[in-house]
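Scroll down for the structure; my scribbles are underneath it.
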Amino acid sequence: MIDLKKFEVWFVTGSQHLYGPETLEKVAEHSREIAGGLDATPQMPVRVVFKPVLTTADAVHELCREANNAAHCIGLVTWMHTFSPAKMWIAGLKALQKPFLHLHTQYNRELPWATIDMDFMNLNQAAHGDREFGFIGSRMRLDRKVVVGFWQDLEVISELGTWARAAAGWHDAQHLKVARFGDNMRNVAVTEGDKVQAKIQLAYSVDGFGVGDLVARIHAASDRDVDHLVSEYEDTYTLSEPLTAKGKQRASLLDAARIELGLRHFLKDGNFHAFTDTFEDLHGLNQLPGIAVQRLMADGYGFGAEGDWKTAALVRTMKVMAAGLDAGTSFMEDYTYHLENGGLVLGAHMLEICPSIASGKPSCEIHPLSIGGKGDPVRLVFDSQTGPAVVATIVDVGERFRMVINKVNVIPPEVPLPKLPVARAVWIPEPNLAVAAACWIYAGGAHHTGFSLCLTAQHLQDYAEMAGIECVLIDNDTTVHACKNELRWNDAYYRLTGWR
């Protein structure tokens with residue numbers, strides 16, 4: 001399980017010695033109260049830790065270096081309670097290697113109109129102190145998040161929580177290892193990409209393995225462990241008749257359990273948290289992994305089909321960002337359309353949709369698979385939960401990585417789907433199918449996505465800014481004309497600024 005409470009964001013307040021010890025004591029007192037208040041809110045997924053008020057360039061530099069080396073620190077929240085000359089922040093911000101959020105707030109919500117004096121004015125200077133700090137961030141061309149409002153307002157707290165989830169995803173990516181069993185599906189373009197640049201830009205590493213390495217782990221699984229896992233299947237899911245104890249295809253369920261055990265051991269021993277496979281490279285396997293992949297995703301692993309390592313890493317990052325939230329997150333594919341009444345997307349895949357998005361108890365079934373040349377694979381079948389969701393992809397467009405996001409609304413299937421033997425989700429894309437699909441195609445978005453009913457576009461946008469990658473959002477405000485222009489402008493911007 002993914003526990004975000006092991007992570008910290010440090011609450012860092014800037015000031016200067018000009019104001020004297022009494023004022024600085026009040027600055028520290030207020031800052032400690034704000035940090036504690038944010039830490040106690042349910043919207044904050046990580047710990048908020050107060051740090052001593054910074055009043056010198058050396059103190060700023062030391063704290064930023066300390067943050068870089070602190071394993072559990074995922075970023076800073078900065079606030080200038082008083083005026084803090086920004087030149088003293090330059091060395092520290094140049095050294096800082098973790099994301100930071102600039103909280104533009106003040107301790108008091110209202111002005112004490114009848115009693116306000118210069119003591120109050122000299123203490124509560126964020127209105128201009130934060131502008132000074134904002135200038136140096138812009139002057140240094142630093143990517144950061146700016147949140148404005150009173151620190152106790154729900155909207156402000158929610159923005160901070162969203163950013164913290166993105167920071168947790170970015171922090172996880174710094175150590176993320178993706179295992180690829182086999183290569184890409186042959187001749188497919190969008191699943192390719194520059195793994196060296198991914199390591200430089202997105203931090204994670206991608207390692208390839210022959211399927212035989214996995215097969216050896218699968219064969220090593222004990223019969224006792226297989227029986228125990230099958231018993232868990234029986235307790236958790238509704239087994240179709242062929243997979244029951246006396247069913248004709250019970251052996252396939254045992255094979256599926258053995259595959260899951262082998263995969264788990266391989267990933268755990270290698271400290272991998274995302275993986276890919278491909279139906280074109282199954283030598284030594286009796287079936288394409290189905291239920292094994294689904295259950296691993298439910299436990300927080302990222303997955304990409306047909307060798308799609310970028311989507312595998314993205315799904316893992318989205319899993320981390322979504323930890324502790326209701327609803328689920330999954331690998332997904334835009335599979336087919338319903339083109340009446342504005343259009344619907346039926347999202348699915350051959351097997352590998354995460355049961356965290358299931359609307360009810362999944363059914364464990366076995367059906368033929370016409371590709372791969374192996375036995376019938378076992379999979380979980382269900383309809384998705386409904387409600388607002390996002391689909392997102394990261395593609396390599398040659399000189400940079402691009403994230404494409406589409407806001408969608410998941411609805412129940414218009415009629416039951418008794419003959420469709422895979423998990424599925426039906427959604428209406430924003431603003432509609434025609435515009436969303438056209439813009440997605442113009443942007444070069446992949447057919448594989450990360451799908452989430454609990455994350456928002458803002459989570460993903462915050463992550464993209466931390467990673468320094470292009471981000472294209474398709475929502476109710478999008479038009480094809482504006483999207484094409486945005487893509488042109490982005491292309492010019494990234495060419496002028498260089499491949500980061």
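Each residue, glycine too, has its Cβ placed from N, Cα and C.
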Note = Checking Swiss-Prot, the member of Glu333, Glu365, Glu465 that binds Mn(2+) with Glu306, His349, His448 is Glu333
Ask   = Are there residues of the same chain, six or more positions away from His349 (Mn(2+) binding site), whose CB falls under 8 angstroms from its CB, and which are they?
value = Ala305, Phe331, Met332, Glu333, Tyr335, Val422
Remark   = In three-state DSSP terms, His448 (Mn(2+) binding site) is classed as strand
Ask   = From the centroid of the CB atoms of Glu306, Glu333, His349, His448, the recorded Mn(2+) site, which same-chain residues not already listed sit within 8 A by their CB, in sequence order?
value = Gly304, Ala305, Asp308, Thr311, Phe331, Met332, Met350, Glu352, His447
Cβ-Cβ distance under 8 Å to His448 (Mn(2+) binding site), same chain, at least six residues away = Val190, Thr191, Gly304, Ala305, Glu306, Asp308, Thr311, Phe331, Met332, Glu333, Thr393
